[in-house]
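According to TrEMBL, the protein has these features:
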DOMAIN    A:4-172  domain 'FeoB-type G'
TRANSMEM  A:220-239  transmembrane segment
TRANSMEM  A:276-301  transmembrane segment
TRANSMEM  A:321-347  transmembrane segment
TRANSMEM  A:359-385  transmembrane segment
TRANSMEM  A:397-419  transmembrane segment
TRANSMEM  A:457-476  transmembrane segment
TRANSMEM  A:559-583  transmembrane segment
TRANSMEM  A:595-616  transmembrane segment
Amino acid sequence: MTPAPLVALVGNPNSGKSALFNALTGARQKVGNYPGVTVERHAGRMALDDGRPVELLDLPGAYSLEPSSPDERVTRDVITGAQAGERLPDAIIVVVDAANLDNHLRFALQLIALGLPVVVALNMIDLATRDGLTLDPEALARELGVPVVPTVAVRRRGIDDLKQALAGVIGHGTAVRLAAGDGSVTDDIVALQRRARAIALAGTISETPVRRWTHAIDAIALHPVAGLILLTAILFLMFQAVFTWAVVPADAIDAGFADLGNAVRATMPDGVLRSLIADGVIAGVGAVVVFLPQILILFFFILLLEASGYMVRAAFLMDRIMAAVGLSGRAFIPLLSSFACAVPGIMATRSIEDEKDRLTTILIAPLMTCSARLPVYTLIIGTFIPNNPVFGFVRLQGLVMFSLYMMGIVGAFFAALVLRRTVTKGASSGFMMEMPKYQWPRARDVLIGLYQRAWIFLRRAGTIILFSTIILWALLSFPKPPAGSDISEVNYSVAGRIANTITPAFEPIGFNRDITLALIPAMAAREVAVAAIGTVYAIDDPDAPAGQESMIENLRKRWTLPTALAFLMWFVFAPQCISTIAITRRETNGWKWPAFMVGYLFVLAYIASGATYWIASAIGL
Amino acid sequence: MDMSTSVMISVTLEKLPRRQPATVAGIDWAQLAVPEARRLRELGFDEGVAIEVLHRATLGSGPIACRIGRMTVALRRAVAGAIHVSTP
């Protein structure tokens, strides 16, 4: 059986390509990676009207066939058949923004010149109409020599016509001319641009100037004062939502896992297996899954800001500040994403063209407090910091949480400043970005994005976190102390012995054995620290009821306030989780930079925790 | 003969007042880094194209947002300084 025809979606950034991909494939998508690079490969399936299945590929947005980032290189390589592990597409759908033909048709001309069967999707035609443009798709088709189909991806308009046009061109390709880089006229950007403008003019029936509401919003959003106030308000709302909206679902999940653990204890006979399931698996995984609501809320906002077009405005406003520490406004987007998780954040640095600039952003991205640290912060703050009102509606717990976030940000800026003058020294980087029109984000696109994030998180909980909690449970449970021994089970176990050995190195900064025990598995994933503490106390105190209540009681008994504060500080700078180290290795092509990152963050974390512990102890907290 | 009506006044994009319609008179490519120059071309910067400054970020030295063709593009002042525009 021959494989289904492969069709690639190609287009400029901001052409609505991914929305079109979602409209064509629905939820039937697979997100993977191209080998050797961390460019996400989005593939999906759809059926043509005649029933033929087609594999659809959503390629990264690009401005031309001359790549200036790893993303754009993948796009070029796939459509010229040079990408390892990927077939040459049987056809391409070129997605252009109907309201920006002048620019998007230039890339379309380059793509058409490649010789593959092409259908042009004249996307976002509704927004073009709103902008006062009346277009003539037939005239455009004549000029370009390929079918042109008007579409509105977000409203699923024109999708059937697009499929029909696609069915008509698949299998009718001319021989492929690999035009990229052959020095022909298709490489002369200026000449192509002029031709694109002429075609756009021929395809435009009328154009009435209207006041575009994008400009009206930008008058506020990009205003030097009002814009910054708006940005601050949005970020405040975002973090407020993360902490308040998540309470109800998180409590429900926690209660569910506690019930499950208690049910297992009540029904299974006492023994190793019961301990493994109740103390290891359920207590460990439950302690992490509790944070799914917070993570989803954070991603919800980030997806919303990206889909609406606001993210680039934020980058614009932040460029001046970023420039002061040697970065560009572009770094703002990866850094903001790093508040959810450093892995997508570091992957998002691929849009930064300057190599030194990108490297610096990667190195400081882990200092943004990722959502995996939230479980740790929430637990320790909830346990040790009284929730007294400080002034007005501001309470002490919230204030401490806010300070931890701020410390990460300040630390990151300071680190960038130092790095840019030492290890990543180089010419100051540039900032040049297209600002897309504002768009109302579509629920469908946001939901697909959220679903993918939730799935990645749960898969992590089901694999790395499950695996490390089981190992930790085993290390904590064996060997068993002999009957009648007064040494506690944890102290006698392998993990207890390891922790006892390394604890002296951490004692000067106030860490007790429970903490050093938790730090080891926390390398796998940060939120495991909470799971690890949960498992330690569950094994040490098997008669206590399951759930967070008993854990908090145990913490209050065993930790002092300076220790708790030092522990929080450790997590502001903490050396990275395995996933972050792995992604850094992949993005920087080697072990040098991840090793450097872990090293400098370890030193920062040790100093910051130590200073916190000593100061807190000295003032008698 | 009065020349003032026919002479185009040439300034750089950096100095162009906000909301003042202009056209690109020329770009000093030598002032720009190679990737910067290429991106600028890809974004449609070319002689004769209509351009207008929409916003200046922070007062003083932040980036500039300008309308070029049908796009809005943000760029730093150093780059804007290499783009010469003429106003009628």
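Every residue, even glycine, has its Cβ placed from backbone N, Cα and C.
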What average pLDDT is reported by the model for the domain 'FeoB-type G' (A:4-172)?
87
Of the stretches A:276-301, A:321-347, A:397-419, A:457-476, A:595-616, which racks up the most C-beta pairs under 8 Å with the transmembrane segment (A:559-583)?
A:595-616
Contact set, same chain, for the transmembrane segment (A:397-419): CB under 8 Å, 6 or more residues outside the stretch:
239, 243, 325-327, 335, 360-361, 363-364, 367-369, 377-378, 381-382, 385-387, 390, 568-569, 571-573, 600, 604, 608
Remote residues contacting the transmembrane segment (A:595-616) - C-beta distance under 8 A, at least 6 residues beyond either end:
362-363, 366-367, 407, 411, 415, 423, 508-511, 561-563, 565-570, 572-576, 581, 584
